[in-house]
Amino acid sequence: MLHLVIADSELELAPKSIVDHPAIVNYAKRRNKKPEEVLLDSTYHHSALKKLEDGERRGRPDIVHVCLLNALESIANKEGKLRVYVHTRNDEVIYIKPETRIPRNYNRFVGLMESLFKNGVVPEGLELLRMEEKSLAELIDEIKPDGVFVMHENGESMKPQEFGKVLAGLQSPLVVVGGFPHGDFRSEIPGKKISLYKAPLMAWTVVNEIIINFEHWVL
């Protein structure tokens, strides 16, 4: 079983310090929501992000959206060989049941995440998505993998197919992919740093390479 964690993801509700900012207020009003209940999104809240620490990397739910679409629609997931988790910058962990169908439409995805932040589970009863306050270290300790790998541009260079073989040789490997646009991980992560290419790659590209090359050896 491969455990994939999209970590330090820039997925959060609008922070209290900027809920009165016109960009947030007007956006929330258009959507008939309270400012504190909307997902922070750099596309709409660029001017408000300038007021935040690390503002240049925050408000990127699109990264999580594309990563989840790719991972949950993969053959590995359909064959029961994959578990996917999202860890956020504020140390929340989203547990995702393999049968979950993430909305392809981005606006619907945003609405789903806002409901999850508000209610802790969605949909009520089925709990396909469940959120808990938990650090990345606590999640890793809970999963108890027999190998932890951190995808990092300064990691040990390894060809994707070679890395897939390494993962396939373990019972319960865990791979961490950054859910942020640039910069480094905020969390301290134990594990071996791995780089699959000579230049930086987008998170969803890394997710694809990991899963496809893992599938090559296990399916």
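Please read every residue number as a count from 1 along the shown chain.
Using N, Cα and C of the backbone, Cβ positions are placed for all residues, glycine too.
The site 'Interaction with substrate rRNA' annotation in Swiss-Prot covers R60, R101, R104, R108 and is backed by sequence analysis. Annotated site 'Stabilizes Arg-60' per Swiss-Prot: D62, in sequence order. As annotated by Swiss-Prot, S-adenosyl-L-methionine binding site applies to G178, G183, L196, Y197, K198, A199, P200, L201.
Between the CA atoms of R104 (site 'Interaction with substrate rRNA') and G178 (S-adenosyl-L-methionine binding site) there is a gap of 21 Å.
The Cβ of Y197 (S-adenosyl-L-methionine binding site) lies under 8 Å from no Cβ of any same-chain residue at least six residues away in sequence.
Neighbour count (other Cβ atoms within 10 Å of the Cβ, all protein chains): 17 for L201 (S-adenosyl-L-methionine binding site). Around L196 (S-adenosyl-L-methionine binding site), the same-chain residues six or more apart in sequence whose CB sits under 8 Å from its CB are M151, M158, K159, P160, F163, V206, E209, I210, listed in sequence order. According to DSSP, R108 (site 'Interaction with substrate rRNA') is assigned to a helical segment. Listed in sequence order, S157 are the same-chain residues at least 6 apart in sequence whose CB falls under 8 Å from the CB of K198 (S-adenosyl-L-methionine binding site).
Of all Cβ atoms in the protein chains displayed, 6 besides its own lie within 10 Å of the Cβ of A199 (S-adenosyl-L-methionine binding site). Classification of D62 (site 'Stabilizes Arg-60') by DSSP places it within a helix. Here the Cα atom of R101 (site 'Interaction with substrate rRNA') is found 25 Å from that of L201 (S-adenosyl-L-methionine binding site). Highest local Cβ density among the recorded sites R60, R101, R104, R108 belongs to R60, counted as other Cβ atoms within 10 Å over all protein chains shown. In three-state terms derived from DSSP, P200 (S-adenosyl-L-methionine binding site) belongs to neither a helical nor a strand segment and is classed as coil.
Neighbour list (G178 (S-adenosyl-L-methionine binding site), Cβ cut-off 8 Å, at least 6 residues apart, same chain): I6, A7, D8, M151, F185, A203. Spacing of P200 (S-adenosyl-L-methionine binding site) relative to R108 (site 'Interaction with substrate rRNA') is 29 Å (Cα to Cα, whole number).
For A199 (S-adenosyl-L-methionine binding site) paired with R60 (site 'Interaction with substrate rRNA'), the C-alpha to C-alpha distance reads 21 Å.
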